[in-house]
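Chemist: What follows is a structure written as structure tokens; I'll ask about it next.
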Amino acid sequence: MSITPLMPVYPRCDVRPVRGDNCHLISEDGRRFLDFASGIAVNLLGHSNQGLITAIQEQAATLMHVSNLYGSPQGERLARQLVDHTFADTVFFTNSGAEAVETAMKTARAYHQSQGSDERFEIITFNMAFHGRTMGTISASNQTKMHDGFRPLLPGFRYVEFNDLDAARQAIGPHTAAFLVEPLQGEGGIRLASKEFMQGLRDLADEHDLMLILDEVQCGVARTGMLYAYEQFGITPDILATAKGIGGGFPLGACLATQKAARGMTFGTHGSTYGGNPLAMAAGTAVLDQVTKEDFLEHVRDMSARLRSRLEQFIGNHPDLFIEVRGLGLMLGLQMHTESRPFVVHLRDNHGLLTVAAGENVVRLLPPLVIEDAHIEEFMEKLSAGASDYHP
Ligand SMILES: *Cc1c(COP(=O)(O)O)cnc(C)c1O
């Protein structure tokens, strides 16, 4: 058998979407699916948001791309929006989440090296983390399934238990440069950091002059009901990686930093050909214009509360299948007694409902943030029907 034209790294299912309709996807064979996956937390405005479509169409017709050799009114505008709405003083735009995390890690190392502390390069990361698929970001994760076939990993990482502040404290040494943590782990199984843990990391970082880097590639951009999840913990990071939802479906990421943290990121130290081009900036601006409105965030919190209470009730009726509901905002997980993948497949193939498996035994729910009551109704009907005729 010869290799497929598409490099066969994804075990793709036979749902072949060709069209989006708000919170639904339509496949090549005409089937209609309720999309509670959103391209893995990407399509936060759904699939046919007019503001986003118009912004991309108009920018494509005006100016798609220029080099970062030139001034960028489009980039300045989006960077200003992010600076105004977050802890950050400065922003570097990328095309993906992994690149945003790479930039964050380089920023943290450059912070120390720009003041002569070349020995401070090590980044402490946490079990079950997911930071992307580049050599640097797989090295930042302790998940060996992402390492197999690609060793040797890059040096300079230490892994400790998530939510274990003592372990994080004990891992600090003369080489430590930073902590890198997802406040709400996505791929790892919708695991929420505790407030004590996040505040403790902040305190340790202050005490030892370490950079606190947050990976909010999945949980950021209004997903948790706040623009960024760190707001839920009463702390601010030094550096933050964002992507996925920020382009609403257009490939876009960003590394946000304080002025202090970005001190090593000077002329010529970093770059990207596409990063921050006018087309991407138009998409990002259209998303930010919508999600930063207080009534948008309130809608997310409101939908989250409704969905969550329905889910709590639902799992109470199925204690044989489910253990708990967890997560924040519209980034929720249903923890099962057994492996979640077969149930995700069952919901998809037999009930027209798209969800994502996470960790070992969690069904991840990442609906578009624009869902309404009717979508929650449809979701609960499909989920209940799916639980009733599921026989693993
Ligand atoms: C998806 C994800 C990434 C990687 O983003 P890509 O755009 O796939 O490179 C990094 N961190 C987290 C937390 C993610 O969920």
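Backbone N, Cα and C define each Cβ position, glycine as well.
Keep in mind that TrEMBL annotations are predicted by a computer and have not been checked by a curator.
Below are the features listed in TrEMBL for this protein:
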| type | residues | note |
| --- | --- | --- |
| BINDING | G97, A98, F130, D215, E216, V217, Q218, T273 | pyridoxal 5'-phosphate binding site |
| BINDING | R133, S272 | N(2)-acetyl-L-ornithine binding site |
| MOD_RES | K244 | N6-(pyridoxal phosphate)lysine |
Chemist: Just checking: which of R133, K244, S272 have a Cα that is within 10 Å of the Cα of E216 (pyridoxal 5'-phosphate binding site), counting only these recorded positions?
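Modeler: Candidates kept after distance check: K244.
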Chemist: Counting across all protein chains present, how many other Cβ atoms fall within 10 Å of the Cβ of V217 (pyridoxal 5'-phosphate binding site)?
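Modeler: V217 (pyridoxal 5'-phosphate binding site) is surrounded by 29 other Cβ atoms within 10 Å.
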Chemist: Find, among the binding-site residues listed as Q218, T273, the one whose Cβ has the highest number of other Cβ atoms within 10 Å in the structure shown.
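Modeler: Selected residue: Q218.
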Chemist: Tell me whether V217 (pyridoxal 5'-phosphate binding site) sits in a helix, a strand or coil according to DSSP.
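Modeler: Assignment for V217 (pyridoxal 5'-phosphate binding site) reads coil.
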Chemist: If you measure from the C-alpha of V217 (pyridoxal 5'-phosphate binding site), which of the recorded positions R133, K244, S272 fall inside 10 Å?
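Modeler: Within 10 Å Cα-Cα: K244.
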Chemist: May I ask which of the binding-site residues G97, F130, D215, E216, Q218, T273 have a CB within less than 6 Å of any atom of ligand 1, listed in sequence order?
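Modeler: With ligand 1 as the reference and 6 Å as the Cβ limit, the list reads G97, F130, D215, Q218.
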Chemist: For the residue listed as 'N6-(pyridoxal phosphate)lysine', what is the secondary structure state per DSSP, taken as helix, strand or coil?
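Modeler: In the DSSP reduction, the residue listed as 'N6-(pyridoxal phosphate)lysine' maps to helix.
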Chemist: Within 10 Å of the Cβ of F130 (pyridoxal 5'-phosphate binding site), how many other Cβ atoms can be counted across all chains shown?
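Modeler: That number is 22.
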Chemist: If you count other C-beta atoms within 10 angstroms, which of the binding-site residues D215, E216 is the most crowded?
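Modeler: In terms of Cβ crowding, the pick is D215.
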Chemist: Between any two of G97, A98, F130, D215, E216, V217, Q218, T273, the residues recorded as binding pyridoxal 5'-phosphate, what is the biggest Cα to Cα distance in Å?
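Modeler: Roughly 25 Å, rounded to the nearest whole number.
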Chemist: If you count CB neighbours within 10 Å, which one among the recorded positions R133, K244 has the smallest count?
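Modeler: Among the recorded positions R133, K244, the sparsest Cβ neighbourhood within 10 Å belongs to R133.
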Chemist: Please list residues from the chain of G97 (pyridoxal 5'-phosphate binding site) whose Cβ is under 8 angstroms from its Cβ, counting only those at least six apart in sequence.
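Modeler: Looking at Cβ-Cβ distances below 8 Å from G97 (pyridoxal 5'-phosphate binding site), excluding near sequence neighbours, one finds H131, G132, D215, V217, Q218, A241, A243, K244, G253.
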Chemist: Give the residue from the binding-site residues A98, S272 that has the most other Cβ atoms within 10 Å of its Cβ, counting over every protein chain displayed.
Modeler: A98
Chemist: To the nearest Å, how far is the Cα of S272 (N(2)-acetyl-L-ornithine binding site) from the Cα of A98 (pyridoxal 5'-phosphate binding site)?
Modeler: 13
